[in-house]
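Some notes on the structure that comes next.
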Amino acid sequence: MDLKEEAPIDVVEESAPGEASDSEKIDVETIAPRDENGTLLDECRILLSNVPKFLGYKGLKSFFAKHIPNFGYKKVRQVGNIVYVSFDQAEEAKRAVEILDGQVLKKSTLKARAAPTDLKKTIEKPSSTLQLADPESLRAKTAKSIVSPLADLPYPEQITKKHEKSLDVALKLTRTMQHQQSLAKDRDLRKLVKEVVPSAIYSHYRNKNEFTVGHDLDGQICVGFVGGKFSENKHFVIPLGECNLMSTQTRKIVEDFQEFVGESGLAPFDEFARVGTWKMLTIREFSGDVMMIVTLFPLATEEKFSEVKEALAARYINLETLRTKGFRVTSLYVSVMEHAGDVLKYDLVAGAPYIYETILGCRFRVSAGAFFQTNTVATATLYTQIAKQCGLYREVSEQPYKTQENVTDDAQPAEKRMRPAENGEEAKKMVLLDICCGTGTIGQTILANYPQENAFCIGVEIVESAVADAKINAEANKLADRSCYIAAKAEDAFRSIKYYLPPGFTLENSEFIGVLDPPRAGLQNSIVVACRQLDTLKRLVYVSCDPANAMRNLSDLCRPTSNKFGGVPFSIETIQPVDLFPQTAHIEWVVTLVR
């Protein structure tokens, strides 16, 4: 098989008139200004310190409009209480330092000075990823050390580390909330942090893996993980090695795809030279279904693109691969990506358009670009914890600590441990608000395991395709008559929430419970304010895969009522860490807020 494209004609660019040749160029370090410590300074960039931490771009823009209204600044970046501002001209940067130094902003006195030069920008990039200055010094890096840094620790010690990390974040959150007067000085949120709920399995658990196609340190074609930082002009690929986060089947597909790339005659994409074809391989694996997504750099012609797709289909949508190679691909997609920020569009090449997964008795359809938790077994545990915090379930027995030897990959212990809550009193009508619901997984697993007719789920999601999937999943799980999914902003949906309630449910006779599972970056302020202003919402369960990043949202949900943050504030009741990512430093939080 040879899909090789015709070699492009080399174009040699001559220097523009008056431009210095490489031998004539002046070393920037010999002429650039320095501070009193000898640090190189950037003449067009300033550094502001002691800036209020949560001021944001709008606040800075307003401040600059008042004090340096006609200055041509082009880039503003805030890191904590430090702000970097880039100007069009060195003279403007110098003048801005003089004007802004000593100004008072929200009771903070600013300090302004010229910013140090970003030396990484002055280093010439190599012409190819194959050009590494000192490859031998990089050989100590392995996929295991990069992707699963805690792999060599016994699992109980990993859990201890994650508990300590949770306590550290809780302490920072305590100080932040006390500073904004949303937490009493004698309270310590560390006391609310529960023991980490472990994952039932801690190897071969990832159902989604993304691999880079490139060259290893020896210049050989490799499909694996990136080993160097692009910003440091080091970009190479490390083979999977001893990393055991992925399944055996996924590993076999990676090995075969690496062989396929080598046979294709098309080169891996070179990040520095910006040439080549193969960029990434993504594998999603659920209960016998395997989706393979190949990401390419744009090919020269549509004909060549068609050839590549035909070759991929012939190789991978083939029942013989199960017998001869030990893997089976059921769905094959191709996506084209020219720049890192491109929105990916998925082109179904062959096989089924979807794959399916089951959690706590509910079956979900997963499309190529849909979000789904990467550890299916631990997700059942996570959703059980969310249900507990919502008050919709009770635990009938404690989960015994599991070892890798006595747990199988398809184990879902949480499903067997949870039963509908029992209450001698007449059950009150319950409305579960699944905010940022995605394809409806959280709300539907809770609802399916709480069969009383007095419970109803309203899912809100801004992505219309995800809402369409949620409705299809609700039909498949026989929950369509007990749920409603809305494609809208949360703040808009909340204003008319009473119109989505089923017969017999009213704002007065229903207890509203919210579940928030936002993206890693957290929520926009508008959603936080909408939750605060929804008076019927008395209990809110916030789920975060990055607790440090969630601090802003949590503190805003609890800060005192103001013009910006209306509604009665919440208070944090419990913090339950759950381990979804064994062998890594990551931890999931389930935070319960009440008012």
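The backbone N, Cα and C atoms fix where each Cβ goes, and this holds for glycine too.
TrEMBL lists Cys545 with the feature active site. Cβ contacts within 10 Å of Cys545 (active site), excluding its own Cβ and spanning all protein chains shown: 20.
Under the heading active site, nucleophile, TrEMBL lists Cys545.
Annotation source TrEMBL lists S-adenosyl-L-methionine binding site at Gln373, Glu461, Asp517.
Per TrEMBL, domain 'RRM' is recorded for 44-117.
Taking each Cβ in turn and tallying the other Cβ atoms within 10 Å, the top scorer among the binding-site residues Glu461, Asp517 is Glu461. When averaged over the domain 'RRM' (44-117), pLDDT in the model lands at 87.
For the S-adenosyl-L-methionine site, whose binding residues are given in the record as Gln373, Glu461, Asp517, the maximum C-alpha distance rounds to 17 Å. Asp517 (S-adenosyl-L-methionine binding site) sits 9 Å from Cys545 (active site), taking the CA atoms of both as reference points. Here the domain 'RRM' (44-117) is broken down by DSSP into helix, strand and coil counts: 23 helix, 29 strand, 22 coil.
Of all Cβ atoms in the shown protein chains, 21 besides its own fall within 10 Å of the Cβ of Gln373 (S-adenosyl-L-methionine binding site).
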